[in-house]
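Working notes, beginning with the structure itself.
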Amino acid sequence: MALRGPLRRLLRTQLNNTCQSRAHSVAVIGAPFSKGQKRRGVEHGPKAIRDAGLIERLSNLDYPVHDFGDLSFQHLEKDEPYMHIPFPRTVGRANKLLSGAVSNAVGAGNTTIMLGGDHSLAIGSVEGHARQCPDLCLIWVDAHADINTPLTSPSGNLHGQSVAFMLKELQNKMPELPGFSWMKPFLSAKDLVYIGLRDVDPGEYDILKDLGIQYFTMRDIDRLGIQRVMEVTFDHLLSRKQRPIHLSFDIDAMDPSLAPATGTPVNGGLTYREGIWITEEIHNTGLLSVMDLVEVNPALGASREAVASTASMAVDVIASSLGQTREGGPITQESQTLKDDTEQLRL
């Protein structure tokens, strides 16, 4: 079910009662960080996305945009692996810094956009969001589940373990990593939905099944269609209570033909229309509070055109999540209300 006028207005009203509405201004935070994985270059993702016209595009929408620039991360000279996990202290410290920045931006009443950087940054982004909005729900759009624990991870890379740090149900399965003593699990498995999965490790598959997490693989999207996937997503996350949405979007969710400059591309991903449908529908709820856009890696583009294509895709995804429509203009609350009421009359 696409959300129609009366329901959408109800969602916005209820959000004001649970966590301050984010519709008035947008904050952009750059997080140029790469130590959650082994491929260099992803730290240049925020610059590539800005250079592709992000701020100009968002400035054409219905609210002011505040670009707070890039965070400055300290890379520790001595950061020995723990078990087989590389750079745990550096990743932990970076996420603590990011958590504070996101919490401050959300607390100031902004819809917040975090530009990565690798997906380990979602640990701090979602944690900082949860400080302000503890009842949030999480939509994770990605080719990968990123729910390995240090004990199940084949590579040890922390960008593939982000969700495991968040989930209360995995607390007893997570060893105490140096650098992460500042945080505790804060999210329940029922408050998470995955969209776009197509490269899930065996240990991750067991976790998804054991915890009963709602997820949609690319096969599910082929079978159900993206409209039905979003209907089920919203029913799962919002039917009990309307609450802020955190959207964590890995650019590798898109098919590599659209976004080739990324570290772990997997064939058979989201089409342009599917990716934009996801973000348009999330915007239409009126509940988006924070969005991550991660894993754009300019160093891995085979050509200048490949890098430009990936960065442009990232800009389109972000802009549509904030109201840019394929009709060519932003959705304002007033214009959307008029459109919805017109649709109701037609029914």
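For all residues, glycine too, the Cβ spot is worked out from N, Cα and C.
As recorded in TrEMBL, the features of this protein are as follows:
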BINDING   HIS119, ASP142, HIS144, ASP146, ASP250, ASP252  Mn(2+) binding site
COMPBIAS  337-347  compositional bias 'Basic and acidic residues'
REGION    325-347  region 'Disordered'
Exercise. Taking the centroid of the Cβ atoms of HIS119, ASP142, HIS144, ASP146, ASP250, ASP252 as the Mn(2+) site, which other residues of that chain lie with their Cβ within 8 Å of it, listed in sequence order?
Worked result: TRP140, ALA143, ALA145, HIS159, GLY160, ALA253, THR264, VAL294, GLU295
Seminar exercise, completed: Cβ atoms other than its own within 10 Å of the Cβ of ASP142 (Mn(2+) binding site), all chains, total 27
